[in-house]
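Swiss-Prot annotations:
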- Gly10, Ala11, Gly12, Lys13, Gly14, Thr15, Arg127, Ser136, Phe137, Lys199: ATP binding site (BINDING)
- 30-59: region 'NMP' (REGION)
- Thr31, Arg36, Leu57, Leu58, Val59, Gly85, Phe86, Pro87, Arg88, Gln92, Arg160, Arg171: AMP binding site (BINDING)
- 126-163: region 'LID' (REGION)
- Cys130, Cys133, Cys150, Cys153: Zn(2+) binding site (BINDING)
Amino acid sequence: MKIVLLGPPGAGKGTQAKSISNRYSIPHISTGDIFRKNISENTPLGMEARSYMDKGLLVPDEVTINMVKDRLQEEDCLSGYLLDGFPRTVAQAEALNEFLENRNEQLDTALLIDVPSEFILDRMTGRRVCTSCGGSFHIKFNPPTIDGKCNLCGSDIVQRKDDTVETVKERIDVYDKQTQPLIEFYKSKNLLSMVDGTKAIDQVFEDICKLLGEQ
């Protein structure tokens, strides 16, 4: 089973990816992990990527695509895989499509965990973390017993910079602009599947399993 996982920041992709990987015994492949591995091992592609990153530049599609292609040819991918964070653009999706066609393979589905922007804002801006022990809370869904204090150690809990309204809105905006063409691309290929990401974690996973059973 070959799956591309799509969804906005705060949609719970990481949680669902882990569950899918465990249930179907396929590797969860994230572009972040691929980049870190190539860079830490000083592979030719890793060194090329680092040369761009050190200058504060975006790594070209060609480098990212070749890293992903190399990863998909490893032995643990023979029975399938779950791609998380790739493709990010239509050009990358087309490159993946071509790679699969050349191997007489095909993608089973592009799975979109759909969550409205207002819900993401509520979910992400309400997160709080303890300054001492790292305990996590949510002012709406998992509030501390004493306002502003950690249940575990009594230290202050704070909002991370990544979780401010301005930052979250910016991330959602970037996602929308980047991913909408990708969603249309997979729709046109009849490969797009959608689940409602506002449901409880277990219910979202149950819906995903039902969808994957239809592939």
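Every residue, even glycine, has its Cβ placed from backbone N, Cα and C.
Cys130 (Zn(2+) binding site) carries a strand DSSP state (E or B).
The ATP site in the record is lined by Gly10, Ala11, Gly12, Lys13, Gly14, Thr15, Arg127, Ser136, Phe137, Lys199, and its two most distant CA atoms lie 20 Å apart.
One residue stands out among the binding-site residues Leu57, Val59 for having the most other Cβ atoms within 10 Å of its Cβ: Val59. Long-range Cβ contacts of Cys153 (Zn(2+) binding site) within its own chain (separation 6+, distance under 8 Å): Cys130, Ser132, Cys133, Gly135. Looking only at the binding-site residues Gly10, Gly14, the densest Cβ neighbourhood within 10 Å occurs at Gly10. Taking the Cβ of Gly12 (ATP binding site) as centre and 10 Å as the limit, one finds 18 other Cβ atoms among all the protein chains shown.
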